[in-house]
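Down below is the structure, laid out as structure tokens.
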Amino acid sequence: MSWGTELWDQFDNLDKHTQWGIDFLERYAKFVKERLEVEQNYAKQLRNLVKKYCPKRSKDDEPRFTSCLSFYSILNELNDYAGQRELVAEEMALKVYNELMRYSQDLKAERKHHLQEGRKAQQYLDQCWKQMDNSKKKFERECKEAEKSQLNYERLDSDINATKSEVEKAKNQFYMRTHMADESKNEYAAQLQNFNGEQWKHFNNAIPHIFKNLQHMDERRTVKLGETYRSFAEAERKVIPIISKCLDGMVTAAKAVDERKDSSLVVESFKSGFEPPGDFPFEDFSQNLSGTGSDGTISNTPKGERERDGNKLWLFGKKPKAPSLEDFSHLPPEQRRKRLQQKIEELSRELQKQMDQRDALNKMKDVYEKNPQMGDPTSLQPKISETICNMEKLRSEIHKNEVQSLSIFLTGMLGSLTFLFFSPEGSYTDDTSQEHHTPHRRPGPTQPANRNPDPHEFDDEFDDDDPLPVIGHCKALYYFDGMNSRDHVLYIIEEDKGDGWTRARKQSGEEGYVPTSYVEITMEKNSKGAVTYI
């Protein structure tokens, strides 16, 4: 049915109905928004729950029981499930809520346009009616005036006392009023004809056309609601296959629980290797009594042996505390150093991730500052501060492990030397089969056998006419046996050439090469030709 023909006189009601339709559409959009917020909060709470119960220890420290592994698998599946809930929220936001809000704005603009056209048509018809009504009232006034002048003329014409001029004047007045009435009549007829024509156009052309457009607009709104209802359901339907896989994964994890395997792991984890304690021997305290015999077979166990057997009874007592494994101190030095290096590499990778996250947050903050409508830049500051704090903690942990690794390395490489930096033989090797942490050394000086050599005696390699000038000084970062207090500060006479070794001179005059990374170097401001002694 057409609104134009059936509701030609219901302009105000159609105005109210179309406004109600837009309000209903926006109400549904608000419902969708709250629905997707429920999904977002649900997904967020699920992720927080998974994060709360996920293992925070390293994989080596995690229990290997199948019940634990299955639980962690369930947590992973639940995390994936939360991701699907987030997809539902995104789909609803994109294809339902955002679409409805955009369409609502279009409907408001279109409705406003159609109603303005209807009001303009009504205003034009009202204007035509006013013109017709004015001409009608004028015609009515002119007819009454003509009737009065006619009565006046007839009265004077029949009055024998009236003069001829008075009769003639009344007659002219009557003719003039009659003529004016005829003109008003013609004008009224023309205005009436025009109004009837405009009114026919209004109710047969203009209003039906406007109401038809309003009807199409309202029908499109209804269709759009139906489409968004379908999209609302499809957003949920799309994730059902993946959610089913998540649930199947949880069932598979449940089936993977093996009580016998877990029992075996308990045995492996806590088996001590000791035999169960034997029977306590009988101790005969009556042997020293006179006339009382005793069977020596009752207790032949020496007291010392009995005491040693008794020492095994710690099983149900308090065990001694195991050494801390955090720094791998239970391992041999070389294995400990390698494990520390692995830990340093893991921490470095984590530090790089935190640095990348910080850079990404800073970029996002810059975007928010340039485009405030995209987000509040201050909301990112807590996350940036948290990331920087994590970076500092990782750097501290890396430094601690590097110090431990370096200490082990120095002990292994230089433990046999009487002084930290100068080899007694003065020989250096380029053998690539050495441990990769040992720096390759270039040919160096030969240290004299004398512990306190003459400062003016040098090996052939350093026996130049003039000693090299001092270009700086350095301070040893580590102390070792055989290192006296005077050797704590050395003079720099040649910079590191890129091989990790710096040429230096003791205060006693001996020269040699020191590992650049083991000393703190301070270069002289005016080093060319200047010899400075500490």
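For all residues, glycine too, the Cβ spot is worked out from N, Cα and C.
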Out of 337-371, 372-406, let me know the one TrEMBL marks coiled coil.
-> 337-371
Annotated stretch (coiled coil, per TrEMBL) among the listed ranges 98-135, 136-173 | 136-173
Can you count helix, strand and coil residues in the domain 'REM-1' (330-407) using DSSP?
-> 72 helix, 0 strand, 6 coil
